[in-house]
Amino acid sequence: MYRPRARAAPEGRVRGCAVPSTVLLLLAYLAYLALGTGVFWTLEGRAAQDSSRSFQRDKWELLQNFTCLDRPALDSLIRDVVQAYKNGASLLSNTTSMGRWELVGSFFFSVSTITTIGYGNLSPNTMAARLFCIFFALVGIPLNLVVLNRLGHLMQQGVNHWASRLGGTWQDPDKARWLAGSGALLSGLLLFLLLPPLLFSHMEGWSYTEGFYFAFITLSTVGFGDYVIGMNPSQRYPLWYKNMVSLWILFGMAWLALIIKLILSQLETPGRVCSCCHHSSKEDFKSQSWRQGPDREPESHSPQQGCYPEGPMGIIQHLEPSAHAAGCGKDS
């Protein structure tokens with residue numbers, strides 16, 4: 001018996017919901033920003049005010065104790081100290097820290113520029129360097145995205161390879177995909193987020209929590225600049241340190257991009273934006289999940305050749321664009 005297909009929901013509107021999905025997404029976005037604003041204001045506002053009052057009090061006491069200093073001269077000294085810090089000097093001891101505009105420091109600055117991390121603790125001061133930085137970033141940022149995409153594709157191929165081998169051994173493709181995806185997630189957590197803080201704790205004198213905070217803020221390209229490697233004036237850093245951290249940033253960003261891609265695929269799935277308004281009937285489930293054979297017996301809706309169901313990490317189904325269009329773009 002022929003049954004008419006249900007009318008598809010208009011584009012930009014969640015099925016069964018009167019509110020457009022774009023409006024719901026914008027409201028959720030603004031609500032999330034409001035949440036962050038309130039929490040950070042509550043946690044950091046009073047501490048910032050106390051720090052400012054303490055600085056002004058110390059400055060006033062310095063002027064009272066050393067009458068030879070006048071206020072303009074002290075303000076000029078403070079500005080010079082701030083500028084010296086921006087130029088790479090650390091005035092906490094008699095010597096400066098790593099020369100950040102030396103060869104290794106310049107390489108690390110180039111990495112932080114094209115990866116858009118931008119810690120903010122170091123910036124070019126000459127006009128020639130600023131102009132070069134503009135063109136360097138214009139070419140380097142797209143190039144970095146291409147490299148990250150290629151590295152992510154290689155990671156996907158590795159996971160797919162292990163999933164196919166495990167599936168052939170166990171004769172259970174679903175379990176193999178789940179195990180391969182979970183292994184990729186756990187190994188990435190270990191290599192890029194859990195183990196590096198141990199190195200940072202040893203080299204920088206940070207706690208493990210501070211090292212983990214730096215690792216995530218760096219790989220997510222947030223880059224506040226409150227924690228930056230190579231800035232401890234009492235530490236002698238080996239030459240390989242920043243180079244190895246640069247490689248960690250490159251591969252870690254590719255791995256984290258896969259995880260963020262999975263989260264985005266879950267958030268952008270139609271019907272999950274407004275789950276309270278989504279109602280699926282038994283007939284809808286039948287029409288989407290089963291087909292009737294010649295004897296009116298339900299048969300499984302198997303994917304076409306070249307199309308694979310989505311695994312637990314959302315990486316098994318990704319194919320080359322041409323193969324996907326040829327195998328999945330038309331209904332059988």
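Backbone N, Cα and C define each Cβ position, glycine as well.
The range from 8-13, 50-55, 56-61, 116-121 that Swiss-Prot describes as region 'Selectivity filter 1' is residues 116-121. Check Swiss-Prot against the ranges 87-105, 106-124 and you find intramembrane segment recorded for 106-124. The recorded positions recorded for this entry are Asn65, Gly223, Phe224, and the Cα of Gly223 lies nearest to that of Ile117 (K(+) 1 binding site). The subset of recorded positions (Asn65, Thr221, Val222) lying with their Cα within 10 Å of the Cα of Tyr119 (K(+) 3 binding site) consists of Thr221, Val222, given in sequence order.
Each of the binding-site residues Tyr119, Phe224 was scored by the number of other CB atoms within 10 Å of its CB, and the largest score is that of Tyr119. Same-chain residues lying 6+ beyond the ends of the intramembrane segment (211-230) with a Cβ under 8 Å from its Cβ atoms: 97-98, 100, 105, 108, 112, 115-121, 192-194, 196-201, 203-204, 237, 241-242, 245, 249, 252-253, 256. For the region 'Selectivity filter 2' (221-226), DSSP puts the residue distribution at 0 helix, 0 strand, 6 coil. Under 8 Å, Cβ to Cβ, and six or more positions away along its own chain, Val222 (K(+) 1 binding site) finds Ile117.
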